[in-house]
Protein chains: 2
Amino acid sequence: MAAAKLEDADALIDSVETFIFDCDGVIWKGDKLIDDGVPETLDLLRSKGKRLVFLTNNSTRSRKQYGSKFRTLGLTVDEEEIFSSSFAAAAYLQSIHFPKDKKVYVIGEEGIINELELAGFQCLGGPSDADKKIELTPGFYMEHDKDVGAVVVGFDRYFNYYKVQYGTLCIRENPGCLFIATSRDTVFQLNGVQEWAGGGSMVGAILGSTKQEPVVVGKPSTFMMDYIAKKFGITTSQICMVGDMLDTDILFGQNGGCKTLLVLSGVTSHEMLQSHNNSIHPDLYTNQISDLLAVKAATV
Amino acid sequence: MAAAKLEDADALIDSVETFIFDCDGVIWKGDKLIDDGVPETLDLLRSKGKRLVFLTNNSTRSRKQYGSKFRTLGLTVDEEEIFSSSFAAAAYLQSIHFPKDKKVYVIGEEGIINELELAGFQCLGGPSDADKKIELTPGFYMEHDKDVGAVVVGFDRYFNYYKVQYGTLCIRENPGCLFIATSRDTVFQLNGVQEWAGGGSMVGAILGSTKQEPVVVGKPSTFMMDYIAKKFGITTSQICMVGDMLDTDILFGQNGGCKTLLVLSGVTSHEMLQSHNNSIHPDLYTNQISDLLAVKAATV
């Protein structure tokens with residue numbers, strides 16, 4: 001069914017207990033707020049007793065680092081309200097009781113390492129492998145740690161062949177080694193200026209050499225939905241998922257049984273939403289989250 | 001149907017007009033011949049009037065460079081008998097009359113660049129982008145050439161995020177831009193000591209950020225089979241494909257309607273061949289190509 005344009009914000013707000021917001025393209029683009037109305041929008045929702053949750057597939061930062069980013073942008077958000085896919089990787093390993101004597105090889109940036117170490121896991125790789133090169137001389141043999149029991153893969157602008165080969169060796173040669181993806185996003189708005197190849201590239205590279213499908217812990221997998229619902233004791237039908245990407249945010253909301261609101265302030269254009277090639281239809285769409293204010297003002 | 005062990009080499013040789021040999025794991029491993037009997041085996045087949053073709057998914061070298069490698073190993077092979085996936089990329093672009101005023105962006109090593117330039121195509125990328133880095137500072141915008149009409153992706157040990165993003169921009173933003181893969185091999189025996197993540201990683205990365213399926217010109221795609229059959233005027237039922245990989249070499253032979261002979265001197269073990277998980281069954285298998293000699297001697 002085609003998405004409806006958001007007309008009655010009050011009715012939406014009244015019907016929902018928790019709003020889950022994606023961040024890139026919804027709250028901010030790069031280092032700037034999407035628009036000046038973002039703080040007031042969040043304040044309005046809080047004043048109406050709504051629970052706010054911020055959920056990003058961007059694994060480059062930890063929850064703590066995101067908390068600092070929210071503050072820099074003038075937004076008061078508690079770290080406990082922030083769920084990044086870097087945190088999701090750690091939460092997933094905890095949920096399956098991943099043994100603490102096993103190690104995790106990371107293809108990704110410091111957010112993942114920080115969250116895994118905070119949860120007590122031993123990490124290899126990540127930023128420390130950024131400049132490593134392989135000289136494939138005759139007879140060169142690349143060693144790898146046989147105690148690696150999971151390879152976690154997320155967006156990594158310092159991606160290189162060393163990391164591909166290391167992760168591949170762990171997954172192909174260490175019995176039972178897990179392959180965990182923080183996200184498979186094709187592109188994302190990393191610095192707010194253009195689209196950048198996303199975590200889907202790094203995950204695709206490892207899939208290409210192992211033929212093993214990853215466990216995805218970020219959107220659109222429902223792992224974080226179940227986690228958040230359990231943590232706060234809410235049923236997903238009382239949640240509205242707000243995001244700018246159809247195949248991650250909106251699909252995530254639909255997979256979880258939530259209401260869904262697409263904002264056109266990020267990756268998805270109105271044309272893409274209406275395209276015959278698009279099979280993902282949110283309940284509602286609007287230009288940006290501050291429309292929740294504008295619409296409200298118009299109906300007062 | 002389960003593969004039969006090669007028992008009667010004479011019967012096989014008599015029934016075949018052309019042998020297509022994979023190289024890595026069949027003729028050589030790294031910089032060494034698979035065994036001392038390789039030259040004599042090729043000589044025997046030539047003496048019986050058989051046409052020999054050497055077909056590798058390894059795109060790191062050009063035909064000319066492979067010619068030199070054969071000579072170094074003491075094998076007399078004409079460049080015209082060598083078909084590398086680097087050559088296949090150029091042959092494919094020629095076959096579709098890719099316009100000479102368009103450019104090709106290459107994620108891969110010098111073999112691809114050499115073959116494309118030899119065929120008269122304008123190239124960007126390849127080894128010259130090996131050390132490029134992206135600093136994702138606020139406001140940084142990455143330009144790309146709007147005249148790129150094809151992105152060719154193959155194995156690249158100097159793979160990096162710059163190349164991923166450049167290729168992604170071309171495919172996502174240049175209307176009609178092609179995505180061509182020299183191979184999707186998971187792993188290969190690059191230096192003869194262990195398995196190395198193959199072209200499937202680089203192709204998987206671009207697939208992950210574009211969701212566009214590549215045109216594969218290397219094995220197991222039948223593009224090169226059709227090309228070789230046409231060039232030499234042979235029907236594929238008169239060909240025996242000899243290789244060490246089930247999902248590239250043997251599948252390639254089967255897709256093309258050839259006889260197939262698996263050798264266990266490379267990636268595939270006898271255990272993998274017999275595994276219940278394996279659905280690709282060659283007509284025949286043997287330890288190494290020089291068994292064509294040993295078996296013959298035994299039956300004299």
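Yeah, the Cβs are placed from backbone N, Cα and C, and that goes for glycine too.
Here TrEMBL flags B:ASP22 as active site, nucleophile. In the three-state DSSP classification, B:ASP22 (active site, nucleophile) falls within coil. Long-range neighbours of B:ASP22 (active site, nucleophile) (same chain, six or more residues apart, CB within less than 8 Å of its CB): B:LEU55, B:THR56, B:ASN57, B:LYS219, B:MET241, B:VAL242, B:GLY243, B:ASP244, B:MET245, B:THR248, B:ASP249, B:GLY266.
According to TrEMBL, the active site, proton donor annotation covers B:ASP24.
Annotation source TrEMBL lists Mg(2+) binding site at B:ASP22, B:ASP24, B:ASP244. There are 25 other CB atoms within 10 A of the CB of B:ASP244 (Mg(2+) binding site), with all protein chains counted.
In the three-state DSSP assignment, the secondary structure recorded for B:LYS219 (substrate binding site) is coil. The annotation substrate binding site is assigned in TrEMBL to B:LYS219.
Residues B:ASP22, B:ASP24, B:ASP244 make up the record's Mg(2+) site, and a Cβ search at 8 Å around their centroid adds B:CYS23, B:GLY25, B:VAL26, B:ILE27, B:THR56, B:PHE188, B:GLN189, B:GLY243, B:MET245, B:ASP249, B:VAL263, B:GLY266, B:VAL267 from the same chain. Remark: B:ASP24 (active site, proton donor) has B:THR56, B:ASN58, B:PHE188, B:GLN189, B:LEU190, B:ASP244, B:GLY266 as non-local neighbours, by Cβ distance under 8 Å and separation of at least 6 in sequence. When Cβ atoms from all protein chains are considered, those within 10 Å of B:LYS219 (substrate binding site) total 32, not counting its own.
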